[in-house]
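A.B. asks: One structure follows; several queries about it will come next.
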Amino acid sequence: MRRPRPVRNCSANVRQGSGPTTRDLRSSPANRRPTVVKREGEHARRIVVKVGSSSISGANHGQIDPLVDQLARLHKDFQVVLVTSGAIATGLPHVGLLDRPTDLALQQAVAAVGQHALIVRYQRALDRHGIVAGQVLLTSYDMDDPVSRKNAQRALDMLMDLDTLPIVNENDTVATQEIHFGDNDRLAALVARLINAERLVLLSDIEALRTAPPDQPGSEPISEVPYGESLAGVEFGASSSKVGSGGARTKVEAARLAAEAGVEVLVTATPRFGDLVDGRAIGTRFAPNPNPGA
């Protein structure tokens, strides 16, 4: 068994550009904004990245390669877990369907077809970087039952120690609750808590949370959500995706769940993931609980 890689200080590798660097953010706490680059003096080792169905399926299926390119960059310095949605969305064209079905049995059948195709796409993209994927399919029972949860934790720990990149998805084929599970946002938060991740990145088709739907007057992006902030008065629009089941509200709920356990949460659009890796100030940051478990 290979020993885990030592974590390198990657702050020196931040690309110069017009956006703020991690050094800029660190020197001014009031301006601290979303970034996944390890900051000097910190000991971040684990990052969970979640991507939604609409970001990697249909017209956006080509985003898998650039997504994996950024995951590979992180994988050089951190232990990374990807939580992916998309089994049902990926399976739709393989069974001749255009939209997400409403029948549960049909959803599960489509997911069975799509999960295989999805993991093959990820592995092909990872092959370019010499990284092996480890598929982990979970149900809500696995996360609720203490014995199953511990087994899942050990499996993920071992996969990361073996230098693989675990790819987690809800087991849509057997788990009835996933169909209403918030497009895996909650699952990603639970996984982040399970492996004691330092950061959770929620990627979707929205660049940042907003005070109101973007088509409404006065709608403004939310850059920072302090821990414990109620977000009272913020109106969340419904997801426009026909293949996913999540939206802004599920991301807020997942972010709070993770932040409660001391996990920093960053929310942005999938195409902007590279900017986060570069340390640019984009998206919405949920500050973590400063005293988790207290």
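Keep in mind that glycine also has a Cβ here, set from the backbone N, Cα and C atoms.
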A.B. asks: Just to be sure I read the record right: D172, N184 are listed as binding substrate in TrEMBL. Which of S55, S57, S85, S230 is listed for the same site?
C.D. replies: S85
A.B. asks: Work out the three-state DSSP category of S85 (substrate binding site).
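C.D. replies: It is coil.
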A.B. asks: K50 (ATP binding site) has how many other Cβ neighbours within 10 Å of its own Cβ?
C.D. replies: 29
